[in-house]
Structure formats: structure tokens, C-alpha cells
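First up is the structure itself, then whatever we jot down about it.
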């Protein structure tokens, strides 16, 4: 389990308040406007025809609201929601037990659907397409197949790795949507709404400071709000102002772009130890004491989103924007690549003043504010 404050993966303490903070309807749901518009039309059409909604696949980074949307879909349809996950369905019989206990029009939510094993997935195909189960009874020459009719239902699948879904499974979803990262103004609304529910007085400036550091992810925004609330309660008058939020986040070691100490250590190692790269991910991970999986799945995606790190065929490379953010000199080899000149073999001590490349850094930097 990832214990970092800034991870978008679910942590145990998130479960305590996530349920109370979740919106119940599409009207309350903030962000993902295109997805909301489409779902509103599809749900109203299904209700008008008195048919189940087509199966829905939601994919995208963790913490963006896939589970919440599944709950909202069931609420808007006025039916029950049954929740499970790919790893929890180990055998075809487990899936059969779930499907045969559904009521007509129910919504079945399978989180991490990409982790279904192949035998279970093959049982799911006819259930999604024909609302039936094909079960083999017996073995050898005495084996026979029987078909069990199922109530018509809607499957909502969620995954952070859509590329791992097999084509037959993906093709059986009628509605497929990617969830995008949230803008700071959307996160600010989410934080102010959560503050009201939690009984916290938060000023817009304080909410904005938290939003800018939340990596475009509501789960992280709510987590930071709870920690800033603690600082406001103990060190101030209980009000989350801009000043209180900045001081609390400084103590939590979250910088203005949402980088924590793990992100900063990786960038500093890449720039100082390996002259900006390229360097293999195994070597880079070992240099900061992290596993390769943690670097690839947890640390790198946000750094690439900001334009601070590139994955290349030769290895990982820092960018001039990363050097400017950390306030460190730009290695000469990295600067040569930026300018399109042949780069000499990089040296950890061969660098160029960050002042001299300020214009390039400003052009390369990406900001959520834009």
C-alpha cells in the first residue's frame, strides 16, 4: 500500500469520509462535463424506454470519481447498486452467484475489471450480451451445458488500465468514457463543498491553495483539506485561509506544484547524479530507494503531466522546466538536446547556469493555471 500523502491510490483513512463527501446525483457532481451531459441523455433515454442502461466502462487515473459515478448511475436509474472488484471474483462460480442474485435493472459495479481472470471473463460475455449464463455440469463424456436466464442489468466497469482489457470484453460496453484530471477551479468547488460537509470554514483563497497542489485529483484534494483543517484548528482560529493553507502544506512538504519529497528526490537524483539523463528506470529507482513499479506507476505519471520528465527509448530524462522548478543548474547535455545540438557524453558536474536558460525554462514549463 502506498502511504504517500500525495498518492491518488485509496488509503484506509479515505474510506472514513469519502462516502459522506460523495455527490449523490449528476447535478451535484462537479467536473467531467462532457461525461455528465452524455450520461444524462443515456439515462433519461433508458428510463423512457424502461430498459437497462447500456453497459458502461469508465477508465482513467485513480481518484477521479469512477466509483462515485457508478453510485450516481444507480441512483439516477432508481435501482440497487451491487459492488465488487476484479480480484474478488476468483472463479466462474463466484460471478454466477453475483449475477443470479441481481434484480431486474440493477447496476453491477466491477472495480479493477482489468484484473478479471480469463475463465471468469468468458462467463461474463454471454451475461453482458444475452443476459444469460452458460454453465457446464459434469465432466468428460457426461458433461452437458445448461443455460440460465438472468435479469436484465447494467454492468459498470472501472479500470485504471484500459489497455489491459481484452478486445472481446471492451467491445461489449456500449458506453465508454475516459475521466480527465480536474481543473483547479473545479477542485476549488469540490474543496469548498467538502469543507461545508465537514463543518470546516474555508475561504476561497485557502481552497485555491489546496486545489493547486492536488494534482487534478479530488481524492487528494479531500485528503489535503482534512490535514489543513487540523493545522487550522490547532495553530489558528479554525478558518482555512490562504496563509494557513500555505503554511500547513509547507509543513506537509507539498510544494506549490503538488510535488512531495519523493517526487523531488527523484528529479534531483535524475538531474544531479545522472546529469539529467537518459538513465534506465531500474538505476533511477535504486538511486532513490524505490521499487521500479512505484516509480513507473506512482511517481512518473504526474511528473510527465507537468512536463518535468520524459520517457525515451534510451531512458528517463529530466526537462529544463524541472531544473527551473527545483532551482538547480541545467546540465549542459540537457541544454544541448533542448536546443537541437549534438550532446556530448553528460557529466554530473557539467552544467549551465539556470539563469542563462530562464527563457527556455519558462517556455517549457506547464501550469495548471493556464
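Count begins at 1; order follows the chain as displayed.
Cβ atoms here come from the backbone N, Cα and C positions, even for glycine.
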Recorded ATP site member, picked from 213, 215, 219, 223, that accompanies 21, 22, 63, 66, 67, 68, 129, 130, 131, 172, 182 in Swiss-Prot = 219
Set of same-chain residues at least 6 away whose C-beta sits under 8 angstroms from residue 67 (ATP binding site) | 83, 109, 111, 158
Quick one: of 131, 182, which of the binding-site residues has the smallest count of other CB atoms within 10 A?
-> 131
DSSP puts the residues of the region 'Small ATPAse domain (RuvB-S)' (183-253) at 52 helix, 4 strand, 15 coil
Can you tell me the three-state DSSP label for residue 129 (ATP binding site)?
-> helix
Where the record names 21, 22, 63, 66, 67, 68, 129, 130, 131, 172, 182, 219 as binding ATP, the maximum Cα to Cα distance in Å = 37
Averaged pLDDT score, the region 'Head domain (RuvB-H)' (256-370) | 77
